[in-house]
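Undergrad: Provided herewith is a single structure, encoded as structure tokens, for subsequent inquiry.
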Amino acid sequence: MSEESTKGEVHVVHLYPREMSIYGDLGNTRAMVSRLTRHGYSPVLHQHHPGAPFPEQAHLVLGGGGQDSGQARVEADLEVIAPRLSELAAAGTPMLMICGMYQLFGNAFVTVEGKRLPGLGILDVTTQGNAKRMIGPVVLSTDFGDVVGYENHSGSTRLGSGQAPFGTVRSGFGNNGEDQTEGARTGNVVGTYLHGPILPANPAFADALIGYAAELATGRPFEPGTLDDAFADQARTRQVRRLVG
Amino acid sequence: MLRTSAAIAAGKLARAVARRRGGGSAMPGLVAERIDPKILGHALGGLPDGIVVVSGTNGKTTTTRMLVALLRAHGHSVFTNPTGSNFTRGVISALLGEVGLRGRPVADMAVLELDEAHALKFADAVTPTHALLLNVARDQLDRFAEIDHTAKLLAQLASRTSTGVVINRDDSFVARSADGVKTGVRVDYFGVDASIAHRLPELMEQDTRLDDDYVVPPAGAGDVLLKPRDERAFVILLGADGVGGSVGPVELKQRGLAAMINATAATAMARQLLGGSFDPVRAASALASVTAPFGRGEVIDADGAPLELVLVKNPAGFTVALSTYGSTPVRTMIAINDNYADGRDVSWLYDVSFESLRTIGVALTSGVRAYDMALRLQYDEVAVDAVEPDLAAALDRFLAARDGQPARIFCTYTAMMTLRRILAERYDLPAFGEEATS
Ligand SMILES: [Zn+2]
């Protein structure tokens, strides 16, 4: 398909696919590329690896979770691309950061020993490392409807005073297991602990991000195609019913 | 010894009863172990040519079968745990079938597949002379620290082995085990030739394998390397660039890169055990004769047509299963549960590529997460004819519409147990016990 016959190119950047995409987070990228195509756009996927130049065009940025070793390997690169990411975020570029990358997008991560590791500060959240792991299936209420996923994290995250969460916990732990908040959202940047992966099973949320990206890429409002999401809807509603009745 | 004899007698009785009832394989071992907790040491301690433990996350059963075939082809009589019961009790149960009341099997060596934790339990009872360490993969996604933990278990196994270990040189988690072996213990490696090293990520989990500190060491004279010729045929190089000769070309009955790597691992261990009497020609024909093990494509005769059950439990395992069985397209069902024994997080399905199923599609998805599976397949453009979460109903539909054609079901652990129970009743099959957990 030539560019003329599609609704336009949308550049998708997957941050650190090797180091930071544990627990099926690659499925988010797969879902975005597939849905963009089915909506009639031409996705251009950039895999950003540590040390490589950041892609010139970026309309949608995705990042996932990793083990501590993976996190350590991306920190230096993240410092290099931080100004670009902040600039893109301020310009309304949709971003979805899962688990480890969500933590790195916050103000800081405080280790169990009390060491403070600074983050990008794009989201006003602070994460405290702790021994207790929060693991299990999750159901949230969000601006994008019910969202289901699976959390697996030991960091306990607190929102800054003006920071909006991504959703309210109906089943599961969320940011810290105490205040019913899950994730964080500033403009079009969303951080969340939800694996699952989150986007395939929650197409309304996926298409919201695609909508922001398409508008940014083409300068025109999002022109969605008609997608069959029957499997996703069944998968999601069954999880909601199982977990919250 | 009296106590061992009593334990064996009781165990043999329990085994006979269990057989008549079509029961599981672990119970007789439990009976014997209760009477003589040291039964393993008594029965296996004196084998003259060695006690080999095969451990790791994926490929234990296949590799063990291959190693046994290699050793038998060289004239050894080998005791093994053939049902894939990779717990110590399963080993004792297997022993009961082959020993006299004095407690010695009629064999000169033992080759035992044991999962990582049970390998150590076994080492408490009997010191292994040799250990073959295959790989470490994520098994239960719920248990975050498992990979490191599993790697440590394998390292401990290596440190408690008395004579020789063979280690996967391409798996950084396993390769570390070499550091802890006792002085004087021989260490050899198996791995893949540089020409196909780029295909390793298919079998491993990228996120955990990027240990910058680990560089695959240069191959030594004792190392054994896989060099495929095409999709089916391969040679096994003995030493770097085949300085010590080669085995093959071989074509296995099981398809896929993982099976070829298992054959390479088994060959490396056989070569270490056999030394100068290792014969590449015999080795090649032994490997070519090995059939697919139980539970990795167990074939049930269902109304006159074969039905294969394939257990899938982690991304590496599912990928291997698809490359092994998926290239012969037959009517396919996939059943995914998310109970604790299956792994509660189904995210891992997105770390598997299902593209090989595109040609024929999937007739049914089933299990608690049937719709999640269907959704996953949709994203790989694999057509799904029907979704039926109820396993019994799905099985009925799946078998009814197949017109006597062969069929295959990929299933997670608890889905397999349910399906196997239904099939056992319907087709009068022996029930199975612990073996499916391998
Ligand atoms: Zn996580």
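Every residue gets a Cβ built from N, Cα and C, even glycine.
In TrEMBL, annotation is done automatically, which means it is predicted and not curated.
So TrEMBL lists these for the protein:
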type     : residues : note
DOMAIN   : A:12-202 : domain 'CobB/CobQ-like glutamine amidotransferase'
ACT_SITE : A:Cys99  : active site, nucleophile
BINDING  : A:Arg133 : substrate binding site
ACT_SITE : A:His195 : active site
Undergrad: Looking only at C-alpha atoms, tell me how far the residue listed as 'active site, nucleophile' is from A:Arg133 (substrate binding site), rounded to the nearest Å.
TA: 13
Undergrad: Radius 10 Å, atoms counted are CB only; among the recorded positions A:Arg133, A:His195, which position scores highest?
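TA: That would be A:His195, with the highest Cβ count within 10 Å.
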Undergrad: Under DSSP, is A:Arg133 (substrate binding site) helix, strand or coil?
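TA: Where A:Arg133 (substrate binding site) sits, the three-state DSSP reduction gives strand.
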Undergrad: Within 10 angstroms of the C-beta of A:Cys99 (active site, nucleophile), what count of other C-beta atoms is obtained when all protein chains are considered?
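TA: So the number of other Cβ atoms within 10 Å of A:Cys99 (active site, nucleophile) is 26.
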Undergrad: Cα-Cα separation of the residue listed as 'substrate binding site' and A:His195 (active site), in Å?
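TA: If we compare the Cα positions of the residue listed as 'substrate binding site' and A:His195 (active site), the gap is 15 Å.
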Undergrad: Where does the mean pLDDT land for the domain 'CobB/CobQ-like glutamine amidotransferase' (A:12-202)?
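TA: Here the mean pLDDT over the domain 'CobB/CobQ-like glutamine amidotransferase' (A:12-202) amounts to 93.
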